[in-house]
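Trainee: Okay, handing you the structure first.
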Amino acid sequence: MLPRLGGPALPLLLPSLLLLLLLGAGGCGPGVRAEVLFRCPPCTPERLAACGPPPDAPCAELVREPGCGCCSVCARQEGEACGVYIPRCAQTLRCYPNPGSELPLKALVTGAGTCEKRRVGATPQQVADSEDDHSEGGLVENHVDGTMNMLGGSSAGRKPPKSGMKELAVFREKVNEQHRQMGKGAKHLSLEEPKKLRPPPARTPCQQELDQVLERISTMRLPDDRGPLEHLYSLHIPNCDKHGLYNLKQCKMSLNGQRGECWCVNPNTGKPIQGAPTIRGDPECHLFYNEQQENDGAHAQRVQ
């Protein structure tokens with residue numbers, strides 16, 4: 001689904017599959033910049049009351065928390081670290097991966113980006129977009145650039161579509177990319193037998209489930225002006241590894257600034273591992289999977 005992020009579990013799917021929707025996305029290069037606007041739930045009086053006092057340290061600018069948080073935090077200034085899960089850059093800045101980074105998306109996810117002035121090539125419409133970001137409206141835009149190009153994003157000069165359609169298009173492309181990555185193995189034919197076509201390998205259960213999700217996304221419509229996010233949150237996108245098996249850890253999408261719940265599954269069947277917790281964090285699935293394997297082995301020996 002995604003370019004390689006590092007580690008066998010990350011090449012295809014991040015725990016927050018709606019990464020580009022939850023943090024926004026931009027082109028990484030002069031003249032290319034596309035951003036995703038998405039609608040956050042309104043900040044209720046109860047949520048605002050739970051925020052407590054504003055930061056004690058003097059801030060050049062206050063911004064909302066990452067994601068759809070309602071509380072105020074100090075904006076990151078030029079040269080400071082930035083990323084998906086840490087405070088936003090100030091209004092005139094963008095969060096970029098460091099030049100030459102081999103894993104730019106991973107850098108943004110892990111907070112290893114840097115707040116910089118907007119790079120050359122932004123159009124007047126894009127400047128207007130950045131001004132709207134700090135208004136009191138219901139739209140929130142996180143400026144974290146460097147991911148859209150890797151997912152085949154829009155090119156410079158293309159008229160941006162409506163925000164809801166843009167969200168859905170990015171999401172579809174993200175799942176399509178996972179689909180293509182998992183099918184790469186079947187496309188590399190032997191150089192010695194260029195005319196001999198090999199039958200495609202059988203789809204694994206995880207790949208089949210992904211196919212079904214992709215089909216549902218392709219038929220989604222926008223019935224109103226609320227945008228597609230509420231519909232996307234109801235989907236579970238399977239986290240498949242490069243071999244098409246389920247990754248041990250599966251996670252729901254992040255919502256309202258909170259990490260989604262994660263649980264452990266059998267890599268072959270995708271069924272939950274008994275005894276493993278469901279938590280907002282790392283359930284350390286390898287421990288429960290190893291224990292299950294040992295129990296299954298002991299049971300097999302008793303049967304023999």
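Cβ from N, Cα, C; glycine included.
Below are the features listed in Swiss-Prot for this protein:
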- Cys40-Cys68: disulfide bond (DISULFID)
- Cys43-Cys70: disulfide bond (DISULFID)
- Cys51-Cys71: disulfide bond (DISULFID)
- Cys59-Cys74: disulfide bond (DISULFID)
- Cys82-Cys95: disulfide bond (DISULFID)
- Cys89-Cys115: disulfide bond (DISULFID)
- Cys206-Cys240: disulfide bond (DISULFID)
- Cys251-Cys262: disulfide bond (DISULFID)
- Cys264-Cys285: disulfide bond (DISULFID)
- 36-118: domain 'IGFBP N-terminal' (DOMAIN)
- 203-285: domain 'Thyroglobulin type-1' (DOMAIN)
- 1-34: signal peptide (SIGNAL)
Trainee: Return the member of Cys43, Cys70, Cys89, Cys262 nearest to Cys82 (disulfide bond) in space, with distance defined Cα to Cα and candidates limited to these disulfide-bonded residues.
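Mentor: Closest by Cα: Cys89.
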Trainee: By a simple count of other Cβ atoms within 10 Å, which of Cys59, Cys95, the disulfide-bonded residues in the record, is least packed?
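Mentor: Result for the disulfide-bonded residues Cys59, Cys95: minimum number of other Cβ atoms within 10 Å at Cys59.
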Trainee: Across all the protein chains here, work out how many other Cβ atoms are within 10 Å of the Cβ of Cys74 (disulfide bond).
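Mentor: Its Cβ shell of radius 10 Å holds 18 other Cβ atoms.
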Trainee: Give the three-state DSSP assignment (helix, strand or coil) for Cys285 (disulfide bond).
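Mentor: For Cys285 (disulfide bond) - judged by DSSP and reduced to three states - the answer is helix.
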Trainee: On a count of neighbouring CB atoms within 10 A, which of the disulfide-bonded residues Cys43, Cys285 is highest?
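Mentor: Result for the most crowded candidate: Cys285.
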Trainee: Could you please provide the mean pLDDT value for the domain 'Thyroglobulin type-1' (203-285)?
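Mentor: Overall, the domain 'Thyroglobulin type-1' (203-285) comes to a mean pLDDT of 81.
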Trainee: Where does Cys206 (disulfide bond) sit in the DSSP three-state scheme?
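Mentor: For Cys206 (disulfide bond) - judged by DSSP and reduced to three states - the answer is helix.
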Trainee: Tally of helix, strand and coil residues over the domain 'IGFBP N-terminal' (36-118) according to DSSP?
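Mentor: Result for the domain 'IGFBP N-terminal' (36-118), in helix, strand, coil order: 11 helix, 21 strand, 51 coil.
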Trainee: Using a 10 Å radius around each Cβ and counting other Cβ atoms from all shown chains, which of the disulfide-bonded residues Cys51, Cys70, Cys82, Cys206 yields the largest count?
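Mentor: Counting every other Cβ within 10 Å of each candidate, the maximum falls on Cys82.
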Trainee: Pop the Cα-Cα gap between Cys43 (disulfide bond) and Cys115 (disulfide bond) into the table, whole Å please.
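Mentor: The Cα atom of Cys115 (disulfide bond) is 27 Å away from the Cα atom of Cys43 (disulfide bond).
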Trainee: List the Cα distance (Å, whole number) between Cys89 (disulfide bond) and Cys285 (disulfide bond).
Mentor: 34
